[in-house]
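**Student:** Feature list, courtesy of Swiss-Prot:
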BINDING   84, 86, 90, 130  Fe(2+) binding site
BINDING   84, 86, 90, 130  Ni(2+) binding site
């Protein structure tokens, strides 16, 4: 995992867009983003321990690629890259490929880009604005973990999401707008 401020230069979203301003794991923790490095070799017991500790009861695999998503590939990528939030945590353990999660830093509203690769386990909290894109390899395979039934419901950023209880709770948790 490598994190840095997004450069906001127009162009292919799959490029690194590295501003040269690194972001520390401590900064990510202050945004309630959790990260673990779990090597692929023998990952299951460690992943299961994190899942049990955090109350994740369900999981599935997602293959974000033309082969994995078929005819819905372009539409899914567009949806993933639209700025949105969820009412549940978004948990991903990368087993193959790579990509970028962009998260909004509050209160600055700057994008932080987080590059993920095999062995990275990332937890994006409920209520944070974020988006996802593949990198130039156009492929990622990840295990998605869920506290309840598997679901992925995005709420695109709007006036309504600003007053969503999960958004308000997130901002309180990180000490913004309390």
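Note: Cβ is positioned from N, Cα and C throughout, glycine not excepted.
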**Student:** Non-local Cβ contacts of residue 84 (Fe(2+) binding site) (under 8 Å, 6 or more apart, same chain)?
**Tutor:** 129, 130, 131, 154, 155, 156, 157, 161
**Student:** Quick one: give me the count of other CB atoms within 10 A of the CB of residue 90 (Fe(2+) binding site).
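**Tutor:** There are 21 such Cβ atoms around residue 90 (Fe(2+) binding site).
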**Student:** When DSSP is mapped onto helix/strand/coil, what comes out for residue 84 (Fe(2+) binding site)?
**Tutor:** strand
**Student:** Go through 86, 130, our binding-site residues, and report the one whose Cβ sees the most other Cβ atoms within 10 Å.
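**Tutor:** Compared across 86, 130, the most Cβ atoms within 10 Å surround 130.
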**Student:** Inside 8 A of the center formed by the CB atoms of 84, 86, 90, 130, which other residues of the chain have their CB, for the recorded Ni(2+) site?
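**Tutor:** Everything else in range on the chain: 85, 124, 128, 129, 131, 154.
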